[in-house]
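Features of the protein shown, as given by Swiss-Prot:
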type	residues	note
ACT_SITE	Pro2	active site, schiff-base intermediate with DNA
ACT_SITE	Glu3	active site, proton donor
ACT_SITE	Lys61	active site, proton donor
BINDING	Arg120, Arg176	DNA binding site
ZN_FING	262-296	zinc finger
ACT_SITE	Arg286	active site, proton donor
Amino acid sequence: MPELPEVEVVRAGLAPAVTGATILGVEVFELRSLKRHDPLAGSFESLLTGRSMQTPARRGKFLWIPLDSSPRSAIVAHLGMSGQILLRDPGTVENGLLRIRLYIEHPEHGELWVHFVDQRLFGSMAVDALVPTVDGAPAGLGTDEALLPAQVSHIARDPLDPVFDDAAFAAVLARRRSGIKRVLLDQTLISGIGNIYADESLWAARIHYDHPATALSRPRVRTLLAELRRVLGRALAEGGTSFDAQYVNVNGASGYFSRSLHVYGRQGQPCDRCGTAIVRESFMNRGSHFCPRCQRM
């Protein structure tokens, strides 16, 4: 599943192409890709056609593009397991996985097509109302507005958000008896982190994935947050993690952070720090990868 770095790469790639562009038309080829859209608010196509788009924003794994509508609304996209948002020249023939197409015109770049491609259909697009943030601060990366889509309002801030409160997160951990990885994957407590970056950050911080969150000292919490930001930042700089063709940027190119992974997917291989074989254990219907020597309980 695309995590924070992958979604941020898409957001940054979309920004110059869609900011200030007008939506000329919309085609929906797969209604299941609108599962988060409320038809009572109006049809997806009618709510978008003729609207101007503003700078894309992101919180955690959610991406949205504000519209010039009144009342305020936005296109909300979640990539799910295999979703892609691609910028295409008019006339481009996409594969059979094309679910939604936006016809847009930018004052500088001319006409473009925005394609939502999704193999496994866990992703979605929707038009949603913008609501005030709980803390009154800008909603996420890419926006100065304290407004975010209603369906994103329950999502916590992510570690790369300038407004993320380290002390408040430490207080949350102090009240949680569950393992630290379970907390990191809870998008209502801290967002944007999935299996890959949880495993990589915990390895970097030398913390076992099942270590009780409440038992982490403040210095270890500071170390964990620092490693989360370092790992996410490096992944972002390297274009995200691509194991197959399912994750690509807006131009269809893959990221290469998979070459920098220390534990994820490396079970049986030697730890880059101590040489001990990396172990994979079942966890929440997925796997946790760790070094049994560097990350002791």
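Please read every residue number as a count from 1 along the shown chain.
Positions of Cβ are set from backbone N, Cα and C atoms, glycine also.
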CB contacts for Glu3 (active site, proton donor) [other CB atoms within 10 A, all chains]: 24
From Glu3, Arg120, Arg176, Arg286: recorded positions whose CA lies within 10 A of Lys61 (active site, proton donor): Glu3
Residue counts (helix, strand, coil, in that order) that DSSP gives for the zinc finger (262-296): 0 helix, 12 strand, 23 coil
Cβ atoms near Arg286 (active site, proton donor) (within 10 Å, other residues, all chains): 12
Candidate with sparsest Cβ neighbourhood (10 Å radius) among Arg120, Arg176, the listed binding-site residues: Arg120
Model confidence over the zinc finger (262-296), averaged pLDDT: 96
